[in-house]
Amino acid sequence: MLNKLSLLLKDAGISLTDHQKNQLIAYVNMLHKWNKAYNLTSVRDPNEMLVRHILDSIVVAPYLQGERFIDVGSGPGLPGIPLSIVRPEAHFTLLDSLGKRVRFLRQVQHELKLENIEPVQSRVEEFPSEPPFDGVISRAFASLNDMVSWCHHLPGEQGRFYALKGQMPEDEIALLPEEYQVESVVKLQVPALDGERHLVVIKANKI
């Protein structure tokens, strides 16, 4: 699996240390193991997880601005855990409402000794925003409109929303409230992955 990951990273132009690669593989192995009992993801094959979960998450890392992020609807830690491994200097709060997912996240935190993550079981509407976050990240969580509506209290004055999407979500962008501005839409290159991937970066015009 290490060879496959190394080839994928090379194709994506991403450089990681051996320690980071081993952490990513350990995470995939844990996800594969726990998935049999907890049904954390529909992806069953660990090699497929490397592409659809690991690479699909970490290609976002260069576009994240700031040091303090919250992964909303994190599920089994996607994209938060892969991002925390490739951005060890940043801190990631992993928010999910389901206990079984948060238990898995805490086990990953313990086994991989990830000191820059904080798994939290909560609904996003009830989660406090003090201090506010530099970035609010979501992957397959909600529409853009719902994301900014439910998470409006989380980013700081210079904070951003980072929404990981498949095809270009033009309809969702058109429905955004006027106080939110799309700063950029990045077409992501994910080697070995069929279909399009986009990152939508939204700025809240907070006064």
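Keep in mind that glycine also has a Cβ here, set from the backbone N, Cα and C atoms.
As recorded in Swiss-Prot, the features of this protein are as follows:
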| type | residues | note |
| --- | --- | --- |
| BINDING | G73, L78, V124, E125, R139 | S-adenosyl-L-methionine binding site |
- Query: Going by DSSP, is L78 (S-adenosyl-L-methionine binding site) part of a helix, a strand, or coil?
  - Reply: coil
- Message: The record lists G73, L78, V124, E125, R139 as binding S-adenosyl-L-methionine. What's the largest Cα to Cα distance among them, in Å, rounded to a whole number?
- Response: 20
- Item | For R139 (S-adenosyl-L-methionine binding site): intrachain residues, at least 6 apart, with Cβ closer than 8 Å | S57, D71, G73, L78, P79, L164
- Using a 10 angstroms cut-off on Cβ to Cβ distances, just flag whichever of L78, V124 is the loneliest among these binding-site residues. V124
- Message: Taking DSSP as the reference, which of helix, strand or coil describes E125 (S-adenosyl-L-methionine binding site)?
- Response: helix
- Hey, which of the binding-site residues G73, E125 is the loneliest by Cβ count within 10 Å? E125
